[in-house]
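Engineer: Let me give you the structure first, and then I'll get to my questions.
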Amino acid sequence: MANIRVCARLRPANSKEDGEALCFTRSDSQCFTLQDEKDEQYMFSFDKVFYEDSEQADVYEFLARPIVTDAVKAINGTIITYGQTGAGKTYTMEGAGILETDNHKKGLLPRVVDELFEAINFCGETPAYKIKLSMNGIANRAVGETRIPLSISSQFSLSSLNFVVSIGKLVLVDLAGSEKVEKTGAEGRVLEEAKTINKSLSALGNVINALTSGQQGKANHIPFRDSKLTRILQDALVSTIVSFELHLEGGSSQTALLCCCSPCLCNFSESLSTLRFGARYNGISLICVLN
């Protein structure tokens, strides 16, 4: 697979959006058109588009499973969900709940855990594996009336112990909501946290822009230290971008970004911003404006 894979997911309209006009038109499994209230159209092309009838298993198989398989082979992997609050990021990552037992509703996180152990068991008795898991994001999560959560990051570190030690890191990140602060109606502590979150998302965008600007061969500054989020993701972002720019097969890291969007016209501006972010991420997704 390519070192960077960028996909979009358009969730079904929810109960609060009954009767709302839709803002997208299907083209195929990779392309769709976003349309605003003035009938201005934006066509997007990604590695894969998951529409409202897509299943949780479909997202896992295409987006995450190749990365999990490579992580067992000591190739680092990062899976990121991004988008507006309520666009389906956490449902995609966790499912209906972190302890969801309905296999149909399971999100990426429980499926990744299952796949890791299945892959290790398939390898037999040799080599030996040691798995470390860190997950403190939920404990620090702040949820107010705006339902804006802090970022959740789950990291799996796998060590293969057989004379030579090799380590693969797999990071899953459920990014916080990407909407503008004034639209959330947040106040007090929640407002300050929302501002901090937006700064982190802006810092991530700046890093991605710097990495995909085609200036990697020059001594330009990559602002990884501007936020904790970009420092956490530095290894994955550098490895994937460098491998992609050199057109290498495989590489030391794989990254997948899933842009989650509402299908409704009332959320058009947030969906457009999310999709533009995804298009910048790998530098090859196409955006066309049709007059």
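We count from 1, first residue shown onward.
Yeah, the Cβs are placed from backbone N, Cα and C, and that goes for glycine too.
Quantities reported herein were computed from a predicted structural model and do not represent experimental measurements.
TrEMBL lists these features:
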- Gly83, Gln84, Thr85, Gly86, Ala87, Gly88, Lys89, Thr90: ATP binding site (BINDING)
- 3-284: domain 'Kinesin motor' (DOMAIN)
Engineer: Counting across all protein chains shown, how many other Cβ atoms sit within 10 Å of the Cβ of Gly83 (ATP binding site)?
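Structural biologist: Within a 10 Å radius of the Cβ of Gly83 (ATP binding site) lie 30 other Cβ atoms.
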Engineer: Below 8 Å Cβ to Cβ and six or more residues apart, same chain only. Which residues does that give for Gly88 (ATP binding site)?
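Structural biologist: The answer is Arg9, Arg11, Cys260.
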Engineer: Is it possible to get the count of other C-beta atoms within 10 angstroms of the C-beta of Thr90 (ATP binding site)?
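Structural biologist: That number is 21.
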